[in-house]
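Colleague: Dumping what Swiss-Prot says about this protein:
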- Cys98: active site, nucleophile (ACT_SITE)
- Cys194: active site, cysteine persulfide intermediate (ACT_SITE)
- Gly10, Leu11, Ser12, Gly13, Gly14, Val15, Asp16, Ser17, Ile36, Gly122: ATP binding site (BINDING)
- Cys98-Cys194: disulfide bond (DISULFID)
- His123: site 'Interaction with tRNA' (SITE)
- Gln336: site 'Interaction with tRNA' (SITE)
Amino acid sequence: MSSPQHVIIGLSGGVDSAVAACLLIKQGYHVTGLNIRVLDTPEDTPTLAPSAMRISDSEEFDFPVFTLNLSAKFARDVVGYFHDDYLAGRTPNPCMVCNKAIKWFGLFEAMRLLRADLVATGHYARTELRDAVTRLLKGVDPEKDQSYFLWMLTQAELAKTLFPLGGYTKAEVRELARSFGVHAAEKKESQEICFVPHDDYCAYLANAIPGLEARVAGGEIVDQAGKVIGHHRGYPFYTIGQRRGLGVSTGEPVYVTEIDAEHNRIHVGSKADLECRSLIASGMNWIGIATPDKSFEAEARIRYRDRQSACMIEPMDDNRAWVSFREPKQGVACGQAVVFYDGDEVLGGGIIAKVNPEAPPQKILG
């Protein structure tokens, strides 16, 4: 009789990862927990350390847990990226980057060190092996589906990853937590970025980057004709689609339509001016399909809570893609991800590099 497969499960301290661990044990896996530390004092050489962390008082769900301090890597790859994107006039998505650079990096490092077979997380997503390809699918709960944040994962990573919660709703997970005696069964979810206090990114940036406010204050706010209609506190403190706090009066609502970091300038316009009919995405990662060499139709999401919309994707050189939408999208921000779907399956995605390019791409592959 073969021994059970050994799974490293990422534990955040919340209800989802705890229930995922319990389900793996119920399914017969040998489970080891990994709690990744990202806000501790950095270590020169991160090592696995035993932890007293327990998710339940039940002996059935008592399993070894280790911690891994990745604070230095987190500061560089996630916090540093967050700062750089705002300073470049983009809108970053740190949770998306953290999944790839921290969570899966740490899980695979623990899998290597502990000679385990698989890794698992509490994300609401699914995988399916079809035609010798591991497909990434949406979770069945449309309110909790987290597939949008996982587009950066590769075939090698997905083939070794389990998502125990993908077939459950959040309400069902809460009920399972209570039945398993999970300590975090009633713990509220946090929607905040873990290193940004009170989810106030403006105050955070002002404190985290010395001299930022003095350096960027007083830039111009211009309308769609280029006319100066006011001044702002600094371009990093604004986001695409923002309406409140602009301090300008035009007689009708205006929204941030463009952030020009080079000239410390904010462009504003009407809601119609926020429409995006096409974009260029860079850093493409294709999951369930080979890198395309000709245009094809799919559906796209340009933010986490966005609905899937029909689009045409045209591959470009330098691992980019031109994306045109059948119906215009609202408030598309550079720095966010555009993720492509075929129904429930994630095909891939990329980072939005340019919104409403002036002309169709000149160099298309194929």
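Each residue, glycine too, has its Cβ placed from N, Cα and C.
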Colleague: List which of the recorded positions Ser12, Gly14, Cys98 have their Cα within 10 Å of the Cα of His123 (site 'Interaction with tRNA'), in sequence order.
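Modeller: Hits: none.
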Colleague: Taking every protein chain shown into account, which of the binding-site residues Gly10, Gly14 has the largest tally of Cβ atoms within 10 Å of its Cβ?
Modeller: Gly10
Colleague: Do me a favour and check the Cα-Cα span between Gly14 (ATP binding site) and the residue listed as 'active site, nucleophile'; whole Å is fine.
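Modeller: That separation, Cα to Cα, works out to 17 Å.
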Colleague: If you count other Cβ atoms within 10 Å of each one's Cβ, which of the recorded positions Ile36, Cys194 has the most?
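Modeller: Answer by Cβ density within 10 Å: Ile36.
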Colleague: Counting only other Cβ atoms and using a 10 Å cut-off, which of the recorded positions Ser12, Gln336 scores lowest?
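Modeller: Output over recorded positions Ser12, Gln336: least Cβ neighbours within 10 Å is Ser12.
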Colleague: Quick one: what's DSSP say for Gln336 (site 'Interaction with tRNA'), helix, strand or coil?
Modeller: coil
Colleague: Counting only residues 6+ away in sequence within the same chain, which have a CB under 8 Å from the CB of Asp16 (ATP binding site)?
Modeller: Gly122, His123, Tyr124, Leu165, Val173
Colleague: Please give the greatest C-alpha separation between any two of the ATP-binding residues Gly10, Leu11, Ser12, Gly13, Gly14, Val15, Asp16, Ser17, Ile36, Gly122, in angstrom, as a whole number.
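Modeller: Across Gly10, Leu11, Ser12, Gly13, Gly14, Val15, Asp16, Ser17, Ile36, Gly122, the two farthest Cα atoms sit 16 Å apart.
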Colleague: For Gly10 (ATP binding site), identify the closest of the recorded positions Cys98, Cys194, Gln336, judging by Cα separation.
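Modeller: Result: the closest of the recorded positions to Gly10 (ATP binding site) is Cys98.
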Colleague: Write down the Cα-Cα distance for the residue listed as 'active site, cysteine persulfide intermediate' and Cys98 (active site, nucleophile), rounded and given in Å.
Modeller: 11
Colleague: Between the residue listed as 'active site, cysteine persulfide intermediate' and Ser12 (ATP binding site), how many Å separate their Cα atoms?
Modeller: 12
Colleague: Between Ser12 (ATP binding site) and Gln336 (site 'Interaction with tRNA'), what is the CA-CA distance rounded to a whole number of Å?
Modeller: 24
